[in-house]
Amino acid sequence: MRWLYSTSHKDIGLLYLVFAFFGGLLGTSLSMLIRYELALPGRGLLDGNGQLYNVIITGHGIIMLLFMVMPALFGGFGNWLLPIMIGAPDMAFPRLNNISFWLNPPALALLLLSTLVEQGPGTGWTAYPPLSVQHSGTSVDLAILSLHLNGLSSILGAVNMLVTVAGLRAPGMKLLHMPLFVWAIALTAVLVILAVPVLAAALVMLLTDRNINTAYFCESGDLILYQHLFWFFGHPEVYILILPAFGIVSQVVSFFSQKPVFGLTGMICAMGAISLLGFIVWAHHMFTVGLDLDTVAYFTSATMIIAVPTGMKIFSWMATIYSGRVWFTTPMWFAVGFICLFTLGGVTGVVLANAGVDMLVHDTYYVVAHFHYVLSMGAVFGIFAGVYFWGNLITGLGYHEGRAMVHFWLLFIGVNLTFFPQHFLGLAGMPRRMFDYADCFAGWNAVSSFGASISFISVIVFATTFQEAVRTVPRTATTLEWVLLATPAHHALSQVPVLRTASSH
């Protein structure tokens, strides 16, 4: 019962991480069904059932984004580390923290239940009308309710994080003295509070269109209005997922380079700029819906500008590594892998920012490859870097360095084999969300499915990596979470520390 009623941020953070692990297993299993269906042209694993294929696509997208990456980065690492890093005894609202987590399991249960009702929600994770309005039965309604519960959990957690950072910092810890991970979580919380209510409004309108014959989107309504509302949430959501990974990579790179992050103030400003710009570029997902030329020109330009603060972060990490005495262990390899692969995902993002190019490859596998390079290799590599870096601190378990390196290289090779060929498929014109395809696409699809199998093997290796170990304090530790190793109490700190000298990394 301790886990059910616990208000300790450490217990709740660990619950988020365990929940994310099982969500990740579920989402990965669905992705393997997708890849095995697409391994060969013609009828495959699903025997030509296009509706079931689309239900799997919907489940995979929502589970991976909202029930794996977000609980792990924002809920898991954010809850466990944020109070300690700022010298707070716990979160500002511990009981609110508890309910924030316990809204997630019923949300996931509702989503899974929706797939079993009638034919399931075959709408894709975006749930565009009129398809989502015309789905019969209650499957889409259950999925909408699931998203509402998850969104409520996110908003409550974000409010808690912001109040904690604003009001519970240790005496002497000024804003610029906070670790970059804390900055990342705080900015993510702002994005959640501003973006998620817009999604909630769109989903309420979708629900009423489906059930009480309102006409917000269908009939005399405006289908494009839903896309505007959804992507006003959807694009900041990408940064909600990736900003905590930025923070983790900053901590790992600084730690294993044995020096402060290069250009600390610039890194903070870059995250702030990314957060701001993320709200004013949403319509680059909508270049094909008939926007006027001036609007298209604006969103093209604004999207390209995001590359500037993102590039600042990439070059600052590279400068930190270049000028430091680098100690290459598994967390550092995952951080370096993140930098390389996220950069490639960013480059294809700049390509897609051009409206003329985007109109050619919109809804093809080029777009799938782009956002999987940002998320499958960005956010997920950030999660693994954090797990290996702080895993001993959080769980008391160590990891086998050899098996961990096997995990890294299998995952690195697997995800590249899976998603790099999809750029070629997209440029050749293969549409996404289709369970069958022309024979000319068979070669690269076979390579992609083989890469997915390698990635799945890496998950099995990861599950065997951790082992019993003694908690140790790293000699190069510079942030407050490592103090816990000497005082492992139920709540983080029994006495609020007073900072005499500021550690800015």
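Going from the start of the chain as shown, residues are counted 1 onward.
Including glycine, each Cβ sits where the backbone N, Cα and C put it.
In Swiss-Prot this protein carries:
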- 14-34: transmembrane segment (TRANSMEM)
- Glu37, Gly42: Ca(2+) binding site (BINDING)
- 55-75: transmembrane segment (TRANSMEM)
- His60, His372: Fe(II)-heme a binding site (BINDING)
- 98-118: transmembrane segment (TRANSMEM)
- 143-163: transmembrane segment (TRANSMEM)
- 180-200: transmembrane segment (TRANSMEM)
- 229-249: transmembrane segment (TRANSMEM)
- His235, Tyr239, His284, His285: Cu cation binding site (BINDING)
- Tyr239: O2 binding site (BINDING)
- 261-281: transmembrane segment (TRANSMEM)
- 302-322: transmembrane segment (TRANSMEM)
- 332-352: transmembrane segment (TRANSMEM)
- His362, Asp363: Mg(2+) binding site (BINDING)
- His370: heme a3 binding site (BINDING)
- 374-394: transmembrane segment (TRANSMEM)
- 408-428: transmembrane segment (TRANSMEM)
- 446-466: transmembrane segment (TRANSMEM)
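Shown on the structure are the features that Swiss-Prot records.
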residue: Glu37; record: Ca(2+) binding site; DSSP class: helix
residue: Gly42; record: Ca(2+) binding site; DSSP class: coil
residue: His60; record: Fe(II)-heme a binding site; DSSP class: helix
residue: His235; record: Cu cation binding site; DSSP class: helix
residue: His284; record: Cu cation binding site; DSSP class: helix
residue: Asp363; record: Mg(2+) binding site; DSSP class: coil
residue: His370; record: heme a3 binding site; DSSP class: helix
Cβ packing number for His285 (Cu cation binding site), 10 Å threshold: 21
Same chain, 6+ residues apart, C-beta under 8 Å of the C-beta of Gly42 (Ca(2+) binding site), given in sequence order: Asp436
Interface check, the transmembrane segment (261-281) with the transmembrane segment (180-200), three or more C-beta pairs under 8 A: yes
Between the residue listed as 'heme a3 binding site' and Tyr239 (Cu cation binding site), the C-alpha gap once rounded to whole angstrom: 15
Residues from the same chain, set at least six apart from the ends of the transmembrane segment (98-118), whose C-beta lies under 8 A from its own: 4-7, 12, 15-16, 19, 23, 55, 58-59, 62-63, 67, 71, 75, 136-143, 145-147, 149-150, 152-153, 156-157, 160
Highest-contact recorded stretch vs the transmembrane segment (55-75), from 180-200, 302-322, 374-394, 446-466, CB pairs under 8 Å: 374-394
For Glu37 (Ca(2+) binding site), the number of other Cβ atoms found within 10 Å of its own Cβ: 22
Leading stretch by Cβ pairs under 8 Å, where the reference is the transmembrane segment (446-466) and the options are 14-34, 180-200, 229-249, 302-322: 14-34
